[in-house]
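According to TrEMBL, the features are:
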- A:108-115, A:190-194, A:254-257: GTP binding site (BINDING)
């Protein structure tokens, strides 16, 4: 199955709901103000937020004027164009260390899917014949370490861990030492879920970041914020605060195989300039895919 | 929580408040703000449309009441409609007439089911029930371990059969185990699943018919966006959900999901989850949340918490001492401890009316650790020093700083604060009679004139209160709060 089909299949539900809404709007209608109003509401209903929805509609309107389009049926093309332009404002490629291990820090709120994402990332890189090491720095939640161990076993890589309640920064420290001595290519670090308004937990995260930067210069090479695809406008807050504290370099959107549209990523890219790098389309170990702005926009907008 | 929505609604309402008479244009303007605020809070598009329409109808054709200005009346209508939208009065758990009562938790992945179930079990035990938790999540790695760890933490038994048995068989045997143990409440943890996953939804059906639960509770993440509608609708159609647990409300999510879920499914929200620490779940009070949204604070919850957690004897003793103005550092320390018992300070402050309107309140460092440090400083003083801080000289201050692992500056700060508090106490003991003798409240009086707000219940009183808070500050409460906030920022 090609990448695009996969995207399309995974996003089937998001596609049908937005497309269903818009299908009736686009069918044999002249392009007037009411079409744009309904388009705006559909964008809002896809969690894109009022401001971004308005900005997107404005972009579509400009495109339509430039191309002298009069029938509503031609709008989907323009929507894809406008949305993928907005999503491509930031670069979606992963950064790697020039030499030595690449350290990827995975952060996010509770229940976003961090541990699962790490399991899938590990599998992805193992298949590319990279040596992967996992660091179980979620020392807070009950059985989080066991969960990561299960993923490590499933994917087939080592897990550096301490016991529950240990200092997460110390786990990262050990993981870096182990990564060096075992010649790992990639170290994937799990962290405990934290709500972005908990100052002390965010301070803990800053410390983890600091320790990584000190022990492995240039790291973390990637800080991935895992975002539940069902998240609403709060996702924007999450992106903002996590970016301030640990300088997030990319977003992973998970759980997009439901009816959730993940529309919140559009304002995040647009307003915070953080690119989306991965997208989770299901529960299987290989259901995590690199993000493709065009494919995402196509899948979401095309009726 | 929800303060984002609350502040934008307040902004919209602020414009109306000063008016003597409302034109249709005034109402339309305010309604646009309400709409934007609700949308930004992730309330579903359709729900917002209906809500705004209802409020507009009532606001324009309003029956004039003498006691309220039209502006206040709009605030009141929004408040009432918000309460209504979230489900009227508080909904309780239906207990089985013949035990055990069976409660099943369902929801999407990562909503917080396992954490919620442990908290729920703890709530039941607090009310003298004997709960048993059944671990039927055989899919997510280590989900069963997680429930076991939590079960051990709160000392409540967990039944599991590993991951190789089907969930239906697990709950069947679990029910027998419950009977054997004499458990009167059985809580079933199910695996998180997408509402469109046909196989897993069918499995829930089977579990449901195997245990015949009294309650099927849908666990919803407060951060959920517009999709909350689909999730709630599908689970409800399939399983006849009887209630909702709204989790992660301690975050800064505006929690529009709460407004949506009830409106769309008709299922009441029964509990809210605040934080990952295993504490009993808080019952959901729609009216209180509505007043919180309107920036009226959640005084009722605060009072309840105070009654639950403040030691009445000690509070009374302290009250006596305050009146006789022999307030010493010992009492100061005791006061911290009592206030700390109320819960994390930022949560407590948000319950106080008008608090979220104070500029810069978000930036105030409400780290509870400061309390710990102050506690340590006082503990490092001699008995004589605590009774009479005027003996304090440089060498004593140094000794205290060393003993408590702090700096002389921090010791000085604490002494200053003590002095200020002492003066405030003197003023307050004068006012004590006016404020009604709620002795439990005395311990936290210094955080705002809460005693005066104690008996407030219905909407019109709240509207009046809102008015008095925003007017020039004839009541003593806002002034003291400013005072306090300034102190904190130092």
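Heads up, the Cβ atoms here are built off N, Cα and C, so glycines get one too.
Bear in mind that TrEMBL entries carry predicted annotations, made automatically and left uncurated.
What TrEMBL annotates, mapped onto the structure for a quick look.
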residue: A:108; record: GTP binding site; Cβ neighbours (10 Å): 27
residue: A:111; record: GTP binding site; Cβ neighbours (10 Å): 26
residue: A:114; record: GTP binding site; Cβ neighbours (10 Å): 27
residue: A:191; record: GTP binding site; Cβ neighbours (10 Å): 30
residue: A:194; record: GTP binding site; Cβ neighbours (10 Å): 22
residue: A:256; record: GTP binding site; Cβ neighbours (10 Å): 26
### Summary
Chain B contacts from binding-site residues A:111, A:191, A:194, A:256, C-beta within less than 8 angstroms, listed by sequence, come out as A:111
